[in-house]
Amino acid sequence: MDLDVLLPSLIPSLQSVYVLVSYFAYLAVAGELLPGKVIRGVVLSDGSQLRYRCNGLFALTLLVAILGISAKLGIVSPLVVADRGLELLSATFIFCVLVTLVLYITGRSSSDKSSSLKPHVSGNLIHDWWFGIQLNPQFLSIDLKFFFVRAGMMGWLLINLSILAKSVQDGSLSQSMILYQIFCALYILDYFVHEEYMTSTWDIIAERLGFMLGWWLLHNKVELTVPAIVANCFVFLIGYMVFRGANKQKHIFKKNPKTPIWGKPPLVVGGKLLASGYWGIARHCNYLGDLMLALSFSLPCGISSPVPYFYPIYLLILLIWRERRDEVRCAEKYKEIWAEYLRLVPYRILPYVY
């Protein structure tokens, strides 16, 4: 793309700001008002538990319906994201920087002693800004961590649907685009069906970069062979089985440690660490499933360029880095119990490899 065209398109317009603000406003109102199952989070160090209203699937369905009707009536263009993707990207980036700076400033000045809002200041500005100061910062009683994860997942689907509409309008809809759209939609919908599992995970969802992959397929038509489609489906299904299965086992174990895993009583190290099921195969088996899913999102783009594989490569680096930090944290927290767990489960992510 010519720089004379690229650079102006990165400057947020009033419309892109309006779209972003409207989106966040909808999520805030829908999250508070729509009915949904209220889940208690994990018990924090001070004994408190946050409450999460898991109505994401309802909110997403309602939002898609509203946008669909609005597009039919000509109120909203279904191509607004596809046509203004770079503007929205830069507007979102600026918004994120501003939000994190505000969180840094409010976190440093907080005198709250609760586990959720107690400030953890290292003295290193970059470190504190990057990792955050408060565990669960809130705004108008909205848990921002839960809110932004939800915003990212819903936004990913809306980006994809806009790009799908663009490809249909241009007559460039391909097997690869259909495959990519199906995989992403299934993953996102599954997340909201099992949204309560998020309340018991340590994971923070990485930015999905759905726009980049969809944009690639929109401008580079890729035709897949039948064996390639079958292989891609296989990678997605295995990844989904491992990812969802591992997270479900951990969530159920935290609620009731005596629940059978794969039909057998769970093996628990020191009464705290699950070493059965997927968690007896690798210490971070859920990361393996996540990586396979990320790869399945990129495979429909073919192998003619490394660009569509930025996301799985980025996620691989992120998860290895996170896994290393988690291992250090667990070694300090569980001590001898962790050493025994390492003996029983020697592999980190991929059995016999890593």
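Each residue, glycine too, has its Cβ placed from N, Cα and C.
According to TrEMBL, the feature transmembrane segment maps to 16-35, 56-76, 88-106, 147-165, 177-193, 224-243, 264-281, 293-321.
Remote same-chain residues near the transmembrane segment (264-281) are listed as 242, 245-246, 249-250, 253, 257-258, 334, 336-338, 340-341, 344-345, 347, 351 (criterion: CB distance under 8 Å, separation of at least six residues from the stretch ends). Non-local neighbours of the transmembrane segment (177-193) in the same chain are 56-57, 60, 153-154, 156-157, 160, 164, 167, 210, 213-214, 217-218, 224, 229, 232-233, 236, 240, 244, 293, 296-297, 300-301; each lies 6+ residues outside the stretch with a CB under 8 Å from one of its CB atoms.
Sequence-distant neighbours of the transmembrane segment (224-243) (same chain, 6+ residues past either end, Cβ-Cβ under 8 Å): 175-176, 179, 183, 186-187, 190, 278, 285-286, 288-293, 295-296, 299-300, 302.
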